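Asker: In case it's useful when we look at the structure, here is the feature table from Swiss-Prot:
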- S10, S16, Q17, S18, M94, Y95, N96, F97, T138, R139, G140, G141: FMN binding site (BINDING)
Amino acid sequence: MSKVLILKSSILGGYSQSAVLIDHLASHWETQGAAITVRDLGGKDVLPMVDGEIASGLRGGAELSARQQEMLALSDTLVSELKANDTIVIAAPMYNFTIPAQLKNWIDFIARAGVTFTYTETGPKGLVEGKRAVLVTTRGGAHKDGPTDHVVPYLKTVLGFIGITNVEVVYAEALNMGPEAHDKGMSEAKHSIDQLKA
């Protein structure tokens, strides 16, 4: 049975197009027997924003404040959750050409030297290996493969850095470019999702 971690990151609640697609994917994969865990980073599972104190604490050490210890434990939980699943599905709506702050914050919690990646004599090496990632990205305009898409290239870079190089992408484009474009973008994205196996 495939174990799947779904990360939602939209802050739009019931108006979120990425959430519609993610829910479609979850329903599709549940019929295939996947065990799904959902973390709603833009909603009920929002994380504390990583600041200087937290960032310092995530490096570990003997003299951590109570807050740093709590945030380090949270990071350990997020990393364990990441490593415990076979497939990571990331809902990545485009906000001002890039990912939501809530998703970037999750990345800051899990990207830890010696934990999810390490540095070697030949360069960095990811420690989260043997995983698959699926990116579901929604955007109001048409940005795929263009210079204004700072969502997919960035996420592929981060995932590759921690060892996840098997990455598939579902695009829902031009969602704010009129009703027909919206319906076409969502329909094509759902069709792409229907082709994915858990």
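Note: Cβ is positioned from N, Cα and C throughout, glycine not excepted.
Structural setting of the listed features?
Answerer: Of all Cβ atoms in the shown protein chains, 18 besides its own fall within 10 Å of the Cβ of G140 (FMN binding site).
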Asker: How many neighbouring Cβ atoms, not counting its own, are there within 10 Å of the Cβ of N96 (FMN binding site)?
Answerer: 7
Asker: To see if you understand the setup: which same-chain residues, six or more apart in sequence, place their Cβ under 8 Å from that of M94 (FMN binding site)?
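Answerer: For M94 (FMN binding site), the qualifying residues are T137, T138, R139, G140, H143, D149, V151.
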